[in-house]
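Participant: Annotations per TrEMBL:
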{"type": "ACT_SITE", "residues": "K80", "note": "active site, charge relay system"}
{"type": "ACT_SITE", "residues": "S155", "note": "active site, charge relay system"}
{"type": "ACT_SITE", "residues": "S179", "note": "active site, acyl-ester intermediate"}
{"type": "DOMAIN", "residues": "24-469", "note": "domain 'Amidase'"}
Amino acid sequence: MSLFKLTLKELQDSFTRGDVSANEIARSYFLRLSVVESKVKAYVTVNDKEQILTQAQAIDDELKSWRKTMPLMAMPIAIKDNICTADLPTTCGSRILGQFQPPYDASVISKFREHRFFSIGKTNLDEFGMGSSTEHSAFGPSRNPWKLSHVPGGSSGGSAAAVAADECAAALGTDTGGSIRQPAACCGVVGFKPTYGRVSRYGLIAFASSLDQIGPITKDVYDAAMMLNVLAGQDPMDSTTADVPVSDFTRAFKKKDVKKLKFGIPKEFFAEGLDSEVEGAVRQAIEELEQLGGKIQDVSLPHTGVAVATYYIVATAEASSNLARYDGVKYGIRAKDSQELLEMYRKTRQEGFGPEVKRRVMLGTYALSSGYYDAYYAKAQAVRTLITQDFDRVFDEVDLLVTPVMPTPAFKLGEKIEDPLQMYLSDLYTISASLAGIPAISIPCGFSQQGLPIGLQLMGRPFEEETVLRAARAYELVTNWRKKRPAIR
Ligand code: GLN
């Protein structure tokens, strides 16, 4: 069997046992990339093959005398291109950063390096994470491995496509309003957004700092737990990381059922706009959870209807401030032929940012401007609290919430690019968990008649990642969705 088809856990087991060498793993993945990457276009930058092979050789040589491995040693992992890497350019899918080479690694990358992972490359994204299809990348869109005419979702579309097309064993994504979960659903893989504060954001280029979280995109739920084991934990470099103990998340899988767990079905997530095939698959999944011993209960999150509006004020306000630093002075490109400083700022931003980023900066600046601050930004913050309180209330009654991830399966390239509102509505079901900062996972739960994957979302209480993982794993083990792979070759 080809190594690139294995899950992270399977690959790690084979490597730990000594059945496969680091060299064989690296070669297998670069061969895979040479076959499918030109079709999928998951990566902005692919790492240098010779360099990875040299790392592989060093690992294999060392293991000859002393066989001590680390969980992610020699594991081929892809990194979303808004996470700083000292050895590869970090573009954020934007022209404005040019070939920016960060002078340091993000904390999550330093942790991976301690394990001696293989950094396969940097994956494509909507510019600065703003979008739901990767079509807003300055480097062109990635494709959905299930149907190349369709989007892979976004903004971590490159990471999800790379995992689905076996171009890496696992990937890192980032999620501000759904960008891990939504592309995972589109590509039929697992995407896990941890609790806000669980994983360090140091070295993650900021979009909306009160919402951004790094998390894994993987082939199954077990792999997500393995990745989280390395990613999670307090970091002195990020004061928003929480001082919460990190256990071995794979312990969650000791129990194979969901007996005693209560699942809430929020009625607002099954209202108008939900595609009937998606609803059918999700309802079927709810039945499976019940058969596994779970208790199903209808609940209400009354402020769901204003989540998208709230998000697009909070996120754009934070983005307008975070992106003020791209003025041609310190990072990336600088417009030529300017007579004075303001003109240089203006031209650089005019040339460097794409239309969606400009739209967000304008929206956010407006929401923060004096005279409108109270009407928009302050109001949105108050509503954000109401949304969080909705969750606090239902989590007194139930342990987990079950919903769709996306109102429809993946759409065609070009279908929504001219209609920002339609694009924004792709995140209707993922945004609430981001605003509330709670953990949420997307796992495959079926396929549309067109053969496109459908995702199921489970949301849990803050820092109860284990409960989310346990239920997700129990569900995936009794269904075989994860075993279906796209036919791309
Ligand atoms: N699609 C949403 C947006 O455009 C969420 C993006 C994200 O989570 N980075 O803002």
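Backbone N, Cα and C define each Cβ position, glycine as well.
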Participant: Can you work out the mean pLDDT of the predicted model over the domain 'Amidase' (24-469)?
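Facilitator: On average, pLDDT over the domain 'Amidase' (24-469) sits at 97.
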Participant: Given the active-site residues K80, S155, S179, return the subset with CB under 6 A from an atom of ligand 1, ordered by sequence, or none if empty.
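Facilitator: If the test is a Cβ under 6 Å from any atom of ligand 1, the answer is S155, S179.
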Participant: Can you grab the distance from S179 (active site, acyl-ester intermediate) over to S155 (active site, charge relay system)? Cα atoms, rounded to a whole Å.
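Facilitator: With distance taken Cα to Cα, S155 (active site, charge relay system) is 5 Å from S179 (active site, acyl-ester intermediate).
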Participant: What kind of secondary structure is K80 (active site, charge relay system) part of, going by DSSP in three states?
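Facilitator: In three-state terms, K80 (active site, charge relay system) counts as strand.
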Participant: Using a 10 Å cut-off, grab the number of neighbouring Cβ atoms around the Cβ of S179 (active site, acyl-ester intermediate), all chains included.
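Facilitator: Total other Cβ atoms inside 10 Å, all chains included: 36.
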Participant: For the C-alpha pair, I'd like the distance in angstrom between S155 (active site, charge relay system) and K80 (active site, charge relay system), rounded off.
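Facilitator: With distance taken Cα to Cα, K80 (active site, charge relay system) is 9 Å from S155 (active site, charge relay system).
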Participant: Are there any residues in the same chain, six or more apart in sequence, whose C-beta is under 8 angstroms from the C-beta of K80 (active site, charge relay system), and if so which?
Facilitator: K122, T123, L125, S156, G158, S159, A171, L172, G173, T174
Participant: Give me the count of other Cβ atoms within 10 A of the Cβ belonging to S155 (active site, charge relay system).
Facilitator: 34
